[in-house]
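Peer 1: For reference, the structure I am asking about is given below.
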Amino acid sequence: MPGHLLQEEMTPSYTTTTTITAPPSGSLQNGREKVKTVPLYLEEDIRPEMKEDIYDPTYQDEEGPPPKLEYVWRNIILMALLHVGALYGITLVPSCKLYTCLFAFVYYVISIEGIGAGVHRLWSHRTYKARLPLRIFLIIANTMAFQNDVYEWARDHRAHHKFSETHADPHNSRRGFFFSHVGWLLVRKHPAVKEKGGKLDMSDLKAEKLVMFQRRYYKPGILLMCFILPTLVPWYCWGETFLNSFYVATLLRYAVVLNATWLVNSAAHLYGYRPYDKNIDPRQNALVSLGSMGEGFHNYHHAFPYDYSASEYRWHINFTTFFIDCMAALGLAYDRKRVSKATVLARIKRTGDGSHKSG
């Protein structure tokens, strides 16, 4: 395994955590130290079966004017209607029953975990493994979130990591806050996104029947889980008004989930410190982490995309890590990959911006 030693830390018999330890600085040959030069994007990866989310600094944008934007008017209209409906939903919150507000919040949390613990840390990055009951829960939660099916989301996200801040990055933050937040969903993909994304190895997800099942039945799935169910449950179960159910539990909740996720692509790439790698754009943003339940420690995540915690500090403003650890305690999650403290400190010293408390 290039550049790393693996140690298996056994907690209970059903739970393992793979810890990444820093490699030796060189190897001895004929009594002398032979220094090996290893590209940074290969030096710190620990998954021999997974390279598609590792940053490739050799890729550069082609020179020349960017292609003309092609607006997707269907998406523009639907997003506008959603957010107008969500704003109206805010005015209805005071008239909602307490159960409706609690239901909307729980639905929000489950949806966020379908993104953070599900399509992001499990399926996009393979930072841990999940047994079938947990995978079923996460695929349902991901469908509730309605942010494209797991296969498409993971393909775009792997391209985002591998070709970060280039035209092959689906939500390139160097094209501005609005584009990286939501604008990328309102226009046709840049040709480089299609070209490079189409060449990524997605065989792991193609081989997973659950992921392909969701993709096959995604449209009826989102209609049921994202819109029909959250509207009918408050209305039918505790007599909430239909308008409150639709505008608060459905539209407002859905809009909040979307924007909490989008802020990881926009704000967490533009605002904050870069204690782990000052040479990349992603930042540490605690407010983003609060809304996304752990995805805002973005400089760390792009430096170590294979760490299941997506943060140096595990449970600190990181409910998703807490959730995964709880699932591990129940025997539903295992092989959680974790970067060792020594490796983190070495990276801070080598490429950090000096803002880390370790100095």
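Numbers run from 1 along the shown chain.
Quick reminder: no glycine exception, Cβ is built from N, Cα and C everywhere.
From Swiss-Prot, for reference:
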REGION    1-34  region 'Disordered'
BINDING   ASN75, ASN148, ARG155, ASP156, ARG188, LYS189, TRP262  substrate binding site
TOPO_DOM  94-97  topological domain 'Lumenal'
MOTIF     157-161  motif 'Histidine box-2'
MOD_RES   SER203  phosphoserine
TOPO_DOM  238-241  topological domain 'Lumenal'
Peer 1: For the motif 'Histidine box-2' (157-161), DSSP counts of helix, strand and coil?
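Peer 2: Within the motif 'Histidine box-2' (157-161) the tally stands at 5 helix, 0 strand, 0 coil.
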Peer 1: Which secondary structure state does DSSP assign to ASN148 (substrate binding site), in the simple three-class scheme?
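Peer 2: In three-state terms, ASN148 (substrate binding site) counts as coil.
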Peer 1: Here are the binding-site residues: ARG155, ARG188, LYS189. Which has the lowest count of other Cβ atoms within 10 Å?
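Peer 2: Fewest other Cβ atoms within 10 Å, among the binding-site residues ARG155, ARG188, LYS189, is found for ARG188.
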Peer 1: Per 10 Å Cβ neighbour count, which of the binding-site residues ASN75, ASN148 ranks highest?
Peer 2: ASN148
Peer 1: Which entry in the list of recorded positions, ASP156, SER203, TRP262, has its Cβ near the fewest other Cβ atoms, using 10 Å as the limit?
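Peer 2: Selected from the recorded positions ASP156, SER203, TRP262 on minimum Cβ neighbours within 10 Å: SER203.
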Peer 1: Which whole number of Å gives the largest C-alpha distance between any two of ASN75, ASN148, ARG155, ASP156, ARG188, LYS189, TRP262, the residues noted as binding substrate?
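Peer 2: Farthest-apart Cα atoms in ASN75, ASN148, ARG155, ASP156, ARG188, LYS189, TRP262 are separated by 20 Å.
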Peer 1: Under 8 Å between C-beta atoms and at least six residues away from its ends: which parts of the chain pack against the topological domain 'Lumenal' (94-97)?
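Peer 2: Cβ under 8 Å, 6 or more out: 234, 238-241, 244, 248.
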Peer 1: Cα-Cα separation of TRP262 (substrate binding site) and SER203 (phosphoserine), in Å?
Peer 2: 27
Peer 1: Quick one: pull the CA-CA distance for ARG188 (substrate binding site) versus SER203 (phosphoserine), whole Å only.
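Peer 2: One finds 25 Å between the Cα atoms of these residues.
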Peer 1: Whole-number Å only: compute the distance from the Cα of the residue listed as 'phosphoserine' to the Cα of ASP156 (substrate binding site).
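Peer 2: Cα-Cα distance, the residue listed as 'phosphoserine' to ASP156 (substrate binding site): 15 Å.
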Peer 1: Mind looking up the mean pLDDT for the topological domain 'Lumenal' (94-97) in the predicted model?
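Peer 2: Residues in the topological domain 'Lumenal' (94-97) carry a mean pLDDT of 98 in this prediction.
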